[in-house]
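Undergrad: Pasting a structure below so you can have a look.
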Amino acid sequence: MTRDDKFPIVYSLLLIVLLFVSPIYGDGDADALLKFKSSLVNASSLGGWDSGEPPCSGDKGSDSKWKGVMCSNGSVFALRLENMSLSGELDVQALGSIRGLKSISFMRNHFEGKIPRGIDGLVSLAHLYLAHNQFTGEIDGDLFSGMKALLKVHLEGNRFSGEIPESLGKLPKLTELNLEDNMFTGKIPAFKQKNLVTVNVANNQLEGRIPLTLGLMNITFFSGNKGLCGAPLLPCRYTRPPFFTVFLLALTILAVVVLITVFLSVCILSRRQGKGQDQIQNHGVGHFHGQVYGQPEQQQHSEKSSQDSKVYRKLANETVQRDSTATSGAISVGGLSPDEDKRGDQRKLHFVRNDQERFTLQDMLRASAEVLGSGGFGSSYKAALSSGRAVVVKRFRFMSNIGREEFYDHMKKIGRLSHPNLLPLIAFYYRKEEKLLVTNYISNGSLANLLHANRTPGQVVLDWPIRLKIVRGVTRGLAYLYRVFPDLNLPHGHLKSSNVLLDPNFEPLLTDYALVPVVNRDQSQQFMVAYKAPEFTQQDRTSRRSDVWSLGILILEILTGKFPANYLRQGKGADDELAAWVESVARTEWTADVFDKEMKAGKEHEAQMLKLLKIGLRCCDWDIEKRIELHEAVDRIEEVDRDAGGGQESVRSSYVTASDGDHRSSRAMTEEFSLM
């Protein structure tokens with residue numbers, strides 16, 4: 001047999017192997033799940049698990065008839081068994097053989113006993129949700145040592161005791177840790193993760209000093225622990241030993257005696273000096289003091305500012321000390337080149353627009369400040385200037401992805417943007433370690449706040465016409481970004497309800513747009529919304545349709561009134577788990593009940609609302625090839641707006657797809673479509 005004759009045989013054998021291997025993996029997942037089910041009590045609620053069908057089915061292996069099982073590319077990636085009245089002692093050892101398992105949630109059941117056996121064997125797990133059960137006992141300090149992929153751990157609402165496992169503080173990717181409402185004792189271990197956003201230990205029995213790395217977190221995360229102290233709680237008291245107290249008192253008395261002696265000596269010497277020389281010296285000292293250390297009225301202004309935050313004061317003090325030699329006129333205009341006086345240039349507030357009131361960095365830092373929010377990138381403050389104007393200062397910590405000149409160029413490019421649905425950038429401040437971006441303050445606040453915050457008397461309700469107006473404006477602003485940034489894969493990159501502000505007429509204004517090029521890659525992938533799209537979580541890539549995915553999530557949020565992050569504590573939240581949230585909307589019976597009741601829309605609007613719901617679902621289709629492109633979403637939303645009696649103007653004429661420059665008319669895009 002010749003060498004050429006052997007090739008068909010080899011290929012045939014390979015084909016046979018592939019045909020057999022594929023179902024083996026599927027059967028392996030099924031066997032593991034059935035073995036796990038056999039260890040549960042009251043498992044009758046697990047519908048479809050005994051159907052004889054594989055857990056993952058469909059053309060691309062992304063569908064599952066097994067209740068609570070989520071699949072991707074033919075393998076199980078998440079197990080979500082919540083509110084099913086399951087009980088007994090949980091044993092997850094059988095799940096260790098499911099290679100692609102990234103997330104498990106057993107929240108709000110009746111499991112008891114110690115932390116599930118075999119949990120440390122799930123080394124690929126990224127999300128662990130065991131909250132609101134009846135687990136008890138101590139957790140071994142090294143339990144999580146081998147689970148390096150963990151991003152989110154939710155153990156709240158149980159009766160765990162003993163010390164918080166030190167291995168949690170050593171998980172390199174950890175961003176979220178919820179341990180509230182347990183019985184943990186001892187001290188909080190050290191947490192040094194750079195991307196850590198939440199460590200909630202409220203309502204335990206912890207004591208000692210809060211680690212410095214957690215000092216900027218929300219104060220409520222540490223409430224209900226009588227023994228805790230340190231930022232953000234009250235300072236810790238230090239009880240000195242008696243000997244140290246006596247020694248300190250003696251040292252103080254000695255210092256006072258020395259100071260009195262020095263003072264008397266200076267007085268005697270000063271009287272012997274000439275009057276003219278004395279005047280010259282006094283004038284020189286006073287002039288120097290005024291230049292370097294500032295004016296008394298500045299100190300009074302700072303002391304009177306009741307809203308000023310400690311973090312903002314720290315930033316102001318650091319900057320004032322660094323910039324103490326800068327003059328009050330050190331202010332830059334948009335045309336300044338980054339090559340001009342690079343050292344002095346870093347002390348300036350650079351304005352990128354010529355239609356805004358000018359103020360200096362010192363003016364801004366002297367203003368009374370109010371903390372608006374804090375997130376993965378940094379913090380936001382409202383600064384009330386002495387002129388009466390209010391601005392928002394956003395302090396970013398992870399903007400070193402490009403060099404100084406490229407940063408200047410990109411900020412000036414953003415400053416030149418002009419669209420009714422974009423909040424314009426006013427100015428920026430550059431330092432290598434941190435950046436400040438300044439925008440106007442919008443009193444109505446964010447869409448997220450109006451959708452989800454507790455209702456206050458007299459607050460405007462977002463009815464159907466307003467919500468449609470918001471969707472239309474958001475889409476138009478996004479289409480404009482797509483047109484002016486044809487080379488950016490993610491023209492917005494961080495589209496979410498908290499980044500949509502509403503002006504007095506409830507016209508939406510997009511914020512935090514076009515920042516992907518300047519944000520560090522690790523942080524952008526960790527925190528920016530576009531990187532939660534399934535094509536990135538599964539294939540490590542983004543596309544021009546990733547922002548469309550974010551738009552779809554936003555449309556569903558606006559229509560249902562449900563905040564995706566609320567599902568985080570129920571195992572339905574960020575990252576790949578948004579699939580379950582979207583799926584829950586898609587599978588809900590499409591009646592008026594799916595919509596937020598606060599919209600108060602009549603039956604005459606139901607057809608338009610359902611049409612917009614379909615558009616939202618098409619925008620966030622899990623399959624990127626089936627997901628509609630932005631130009632199609634624009635056309636469909638404009639059609640809904642026209643059907644509802646909205647404005648006749650369209651943004652289609654100004655939008656061009658980046659891939660093919662397609663100029664298809666709106667009419668060609670308005671045919672009825674089917675989702676299922």
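For all residues, glycine too, the Cβ spot is worked out from N, Cα and C.
Checked Swiss-Prot, it gives:
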type	residues	note
SIGNAL	1-26	signal peptide
TOPO_DOM	27-242	topological domain 'Extracellular'
CARBOHYD	N42	N-linked glycosylation site
CARBOHYD	N73	N-linked glycosylation site
CARBOHYD	N83	N-linked glycosylation site
REPEAT	98-122	repeat 'LRR 1'
REPEAT	123-146	repeat 'LRR 2'
REPEAT	148-171	repeat 'LRR 3'
REPEAT	172-195	repeat 'LRR 4'
REPEAT	197-218	repeat 'LRR 5'
CARBOHYD	N218	N-linked glycosylation site
COMPBIAS	319-330	compositional bias 'Polar residues'
REGION	319-347	region 'Disordered'
MOD_RES	S368	phosphoserine
MOD_RES	S446	phosphoserine
MOD_RES	S543	phosphoserine
REGION	641-676	region 'Disordered'
Undergrad: Just checking the recorded positions N42, N73, N83, S368, S446, S543: which sit within 10 A of N218 (N-linked glycosylation site), CA to CA?
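TA: So the list is empty; none.
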Undergrad: Within 10 Å of each Cβ, count the other Cβ atoms, then let me know which of the recorded positions N73, S368, S543 comes out lowest.
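TA: N73, out of the recorded positions N73, S368, S543, has the fewest neighbouring Cβ atoms within 10 Å.
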Undergrad: Of all the recorded positions given, namely N42, S368, S446, which is spatially nearest to S543 (phosphoserine) at the Cα level?
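TA: Nearest in space to S543 (phosphoserine), counting only the recorded positions, is S446.
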Undergrad: For the repeat 'LRR 5' (197-218), could you work out the same-chain residues 6 or more beyond its ends whose Cβ comes under 8 Å from its Cβ atoms?
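TA: Same-chain residues near the repeat 'LRR 5' (197-218) but 6 or more away: 156, 164, 175-191, 224-233, 236, 311, 374-376, 379.
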Undergrad: Which number gives the other C-beta atoms within 10 angstroms of the C-beta of N42 (N-linked glycosylation site), all protein chains shown included?
TA: 13
Undergrad: What is the three-state DSSP composition of the repeat 'LRR 2' (123-146), stated as helix, strand and coil residue counts?
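TA: With helix first, then strand, then coil, the repeat 'LRR 2' (123-146) has 0 helix, 8 strand, 16 coil.
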Undergrad: Who sits close to S446 (phosphoserine): which same-chain residues at least 6 apart have their Cβ under 8 Å from its Cβ?
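TA: Correct list: S497, S498, N499, V500, L501, L502.
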Undergrad: Rounded to the nearest Å, what's the C-alpha distance separating N73 (N-linked glycosylation site) and S368 (phosphoserine)? Just drop the number here, would you?
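TA: On Cα coordinates alone, these residues lie 54 Å apart.
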Undergrad: Could you tell me the C-alpha distance between S368 (phosphoserine) and N42 (N-linked glycosylation site) in angstrom, no decimals?
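TA: For S368 (phosphoserine) versus N42 (N-linked glycosylation site), the Cα atoms are 58 Å apart.
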Undergrad: Between N83 (N-linked glycosylation site) and N42 (N-linked glycosylation site), what C-alpha distance do you get in Å?
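TA: With distance taken Cα to Cα, N42 (N-linked glycosylation site) is 12 Å from N83 (N-linked glycosylation site).
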Undergrad: Taking the Cβ of N218 (N-linked glycosylation site) as the centre, count every other Cβ atom within 10 Å, in any protein chain shown.
TA: 13
Undergrad: What is the number of residues in the repeat 'LRR 4' (172-195) that are helix, strand and coil, as DSSP sees it?
TA: 0 helix, 7 strand, 17 coil
Undergrad: Which three-state DSSP class does N42 (N-linked glycosylation site) fall into?
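TA: Its secondary structure by DSSP: coil.
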Undergrad: Could you tally the C-beta atoms, other than its own, that fall within 10 angstroms of the C-beta of N83 (N-linked glycosylation site)?
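TA: Its Cβ shell of radius 10 Å holds 11 other Cβ atoms.
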